[in-house]
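Peer 1: Encoded as structure tokens, here's the structure I'll be asking about.
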Amino acid sequence: MSWQAYVDEHLMCDIDGQGQQLAASAIVGHDGSVWAQSSSFPQLKPEEITGIMKDFDEPGHLAPTGLHLGGTKYMVIQGEAGAVIRGKKGSGGITIKKTGQALVFGIYEEPVTPGQCNMVVERLGDYLLEQGL
């Protein structure tokens, strides 16, 4: 399966059969190279990936400044140290799951809930971890 198929079929999927889906998603290498993304995923800046990777290494690094992605600022909320970063902005937000080689991004807007976004992103991230990726 191609990386684009993982994005299209596992991240931009119909959530719970309700016709809802994430607003944007991507799979990005730890070096910031985009492996695959939805058409709506923002253009990443190198310093944004650097900050995200530093937060995985030093949990709490992004809390004072917020998480920036494509120039959008998210308030960092409780995640899982070294494994998951979660952010909130208005009625939407972001979940980032770290695997051995990649970062799995999911961005949501209402009516999709934070829990639904977490489930979709973390399910694929856990699968990739099981595959050694």
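Glycine is no exception: its Cβ is also placed from the backbone N, Cα and C atoms.
Not measured: the values here are computed from a predicted model.
Reproduced below are the annotations present in Swiss-Prot:
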- C13-C117: disulfide bond (DISULFID)
- T113: phosphothreonine (MOD_RES)
- 83-99: motif 'Involved in PIP2 interaction' (MOTIF)
Peer 1: Select one residue from C13, C117: among these disulfide-bonded residues, choose the one with the most other Cβ atoms within 10 Å of its Cβ.
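Peer 2: The residue with the most neighbouring Cβ atoms within 10 Å is C117.
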Peer 1: Mind checking how the motif 'Involved in PIP2 interaction' (83-99) divides into helix, strand and coil residues in DSSP?
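Peer 2: Summed over the motif 'Involved in PIP2 interaction' (83-99), the classes give 0 helix, 13 strand, 4 coil.
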Peer 1: Reported as an integer number of Å, what is the Cα distance between C13 (disulfide bond) and the residue listed as 'phosphothreonine'?
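Peer 2: Cα of C13 (disulfide bond) to Cα of the residue listed as 'phosphothreonine' measures 14 Å after rounding.
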